[in-house]
Amino acid sequence: MEPVLDKVVVIGGGGHSKVVIDILQSAGTYEIVGFTDNSDQQRSLCGVPYLGNDEILPELLNKGVLRFIVGLGDNKVRKILFEKIRTVGFMPVNAISPFAHISPHAKIGQGVVVMAGAVINPYAVIKDNVIINTLSGIDHDCIIDSHVHIAPGTSLTGCVRVCEGAFVGTGSKITPNVEIGEWSVIGAGAVVISDILPGSTVVGVPAKKIIAKG
Ligand SMILES: CC(C)(COP(=O)(O)OP(=O)(O)OC[C@H]1O[C@@H](n2cnc3c(N)ncnc32)[C@H](O)[C@@H]1OP(=O)(O)O)[C@@H](O)C(=O)NCCC(=O)NCCS
């Protein structure tokens with residue numbers, strides 16, 4: 001007899017959602033009832049139906065869909081939706097690719113996405129609503145705070161702290177013991193060798209703050 005799986009709704013219908021759906025399908029842990037999106041142009045994604053905009057969520061709760069995951073890469077929007085949807089009674093689920101390696105000695109929060117090829121080493125802590133994107137490495141004792149996005153191919157060496165809402169761009173490398181401030185942005189390919197102030201954008205090797213022109 002087929003096992004009865006808990007039902008989950010995916011929030012958002014963009015590129016990131018496609019990967020989240022694909023991971024949930026590969027993992028096979030939940031029944032994906034569909035996805036919501038606030039633009040009304042949506043068709044199915046990876047064979048999963050478009051359900052409507054977020055106004056449909058209370059109806060889903062009544063139908064016994066109690067779980068959700070936000071499939072949006074933008075940290076600010078993902079934070080708002082994560083908190084709002086949890087408040088109305090849904091429970092966040094994780095989407096962990098079967099092709100990621102997560103140490104049993106690492107700690108993983110709720111609503112976390114870990115994509116294929118990612119490696120999370122012992123004593124790393126990944127808090128809620130974080131994205132660890134394709135082929136990224138999070139080494140021992142790193143702390144990744146809520147609503148962070150670690151983009152594809154990024155390398156965090158040991159004991160790095162990434163504070164709430166920061167975006168760590170694709171292919172960047174962070175040397176040990178560095179702290180990346182809240183809501184800061186690390187440019188693609190940057191090498192970060194010292195602490196980054198909250199809210200700043202840095203690029204280059206070694207990473208330096210972008211100075212606004214004008
Ligand atoms: C850092 C970043 C956010 C800056 O974007 P922006 O604010 O729109 O900045 P601009 O494109 O106007 O560039 C400003 C200056 O920084 C330089 N710059 C921008 N990104 C850079 C990077 N990654 N490395 C080196 N220099 C960079 C530009 O050449 C420009 O230099 P100039 O003033 O001498 O002409 C963006 O370029 C970036 O790297 N994003 C990461 C994307 C990513 O990883 N996506 C993953 C999706 S899953």
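Note that the numbers count up from 1, one per residue, in the order the chain is shown.
Keep in mind that glycine also has a Cβ here, set from the backbone N, Cα and C atoms.
Because TrEMBL annotations are produced automatically, they should be read as predictions rather than curated entries.
According to TrEMBL, the domain 'PglD N-terminal' annotation covers 7-85.
Mapped onto three states, the DSSP output places G73 (substrate binding site) in coil. Around G73 (substrate binding site), the same-chain residues at least 6 positions away in sequence with a Cβ under 8 Å from its Cβ are G14, G15, H16, I131, H149. What TrEMBL records for G73 is substrate binding site.
Long-range Cβ proximity for H140 (active site, proton acceptor), meaning a same-chain Cβ under 8 A and a gap of 6 or more residues, is found for N121, P122, Y123, A124, G158, C159. Annotation note: H140 (active site, proton acceptor) sits in a coil segment as assigned by DSSP. The active site, proton acceptor annotation in TrEMBL covers H140.
Sequence-distant neighbours of D141 (site 'Increases basicity of active site His'): residues of the same chain at least 6 apart with a C-beta under 8 Å from its C-beta are Y123, A124, G158, C159. What TrEMBL lists as site 'Increases basicity of active site His' is D141.
Among the features that TrEMBL reports, acetyl-CoA binding site is placed at H149. Look at H149 (acetyl-CoA binding site): DSSP puts it in a strand.
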Other CB atoms within 10 A, centred on H149 (acetyl-CoA binding site): 25
Take the domain 'PglD N-terminal' (7-85) and average the pLDDT across it for me. 95
